[in-house]
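The next block holds one structure in the form of structure tokens; read it before the comments.
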Amino acid sequence: MTAQPLDVQPTPLALLLLGRESDTSSERGVDCPGDLPAPSDPDLVERARAAKAKLGERVFVLGHHYQRDEVIEFADVTGDSFKLARDAAARPEAEYIVFCGVHFMAESADILTSAGQQVVLPDLAAGCSMADMATAEQVAECWDVLTEAGVADVTVPVSYMNSSADIKAFTGRHGGTICTSSNARRALEWAFGQKTAGAGGGKVLFLPDQHLGRNTAVRDMGMSLEDCVVYNPHKPNGGLTAQQLRDAKMILWRGHCSVHGRFSLDSVREVRDRVPGVNVLVHPECKHEVVAAADYVGSTEYIIRTLEEAPAGSKWAVGTELNLVRRLANRHADEGKEVVFLDRTVCFCSTMNRIDLPHLVWALESLADGRLVNRIQVDDETEKFAKLALERMLALP
Ligand code: SF4
């Protein structure tokens, strides 16, 4: 069997336009009743402070690492999506959780917090292109294909945290677990330990990020590229034969991150020429050839820690979201550490960037005025099975 090509497929949804004046009829779920302040309003910072002070302990603002500085300034806590959801659960006195991140993160926070806590996403159009690449219908169809090929019984789904609540619930229903980029290896080892018999041995259906799945299997666990196949939801039977499914160990969903998927082998070569002695540090959502050419690979928290522990005078090219890289570059400049972005072209996460100060002010002022806006609420049935999958992750050895 030959390895699947490591190409990047087009995003099924058009990238969303930024800006107050953009056409809301083309944006999913955008609804900002009341007055959204203009980005040029000079009083935005003061208004955010005043609304937050008025709400006091009733509000807890979470800021994902990829958020803009102007938003991070108002975060009570920063972190990756899973850490933030747990931080929210640990603050039961906070009636409102304002999640400055993207939709799937707010869903996870709703799943992990108590019934009395209400999760708010300041802009409902802040989605995630990766999470959107696996819909509930597509994944149900994939499971039918695996059943038809006689491999569903020996397959355990493992879904990345960056997936919708529906996909997490599918994972829980079918005996699988969620993983983060920090514990993907442990999740895969656990999953392979669940099903060892049957056609071709145990298998994992890894959703929705093919790169994290492939990098973990090949780089961290010693599998070969030939052990991995890519299921393409836009092709009949995922573009795979029953025999390919039977032979594979890792069935990778054809999804990727629009930000990390941009880094290329050329980016690595170019930065090594441009910055002699540079250490290349990338996130495992990058393509396999980028990860293979890098010096260090790890989650967002790993990237932050590695730069903190780096010696003065060291040089780093970092392959992750630009808001975070800029912040880290500024933070470590005084310590004599040089931190540059891995690619020459600017690449923010466009949906993360939808949460800006005007939307945050609007959300906080609405809450302070007693109006609950942009609530993210997962239905009970979905929550039950998504939570099961999340709890399996928490119980990983
Ligand atoms: S950085 Fe990638 S995975 Fe994260 S929210 Fe943006 S598109 Fe999704």
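Heads up, the Cβ atoms here are built off N, Cα and C, so glycines get one too.
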In TrEMBL, the iminosuccinate site includes His64, Tyr160, Met161, Asn162, Ser181, His283, Pro284, Glu285, Thr300. Which of Ser81, Ser267, Ser314 does it also list there? Ser81
For Tyr160 (iminosuccinate binding site), just give me the three-state DSSP call. strand
In the same chain, outside Cys128, Cys257, Cys349, whose C-beta lies within 8 angstroms of the Cβ mean position for the [4Fe-4S] cluster site? Tyr66, Val102, Ser129, Met130, Ala131, Asn162, Ser258, Val259, His260, Glu321, Thr351, Met352
List the binding-site residues Tyr160, Asn162, His283, Cys349 whose Cβ sits under 6 Å from any atom of ligand 1, in sequence order. Asn162, Cys349
Just how many other Cβ atoms lie inside 10 Å of the Cβ on Cys257 ([4Fe-4S] cluster binding site)? 25
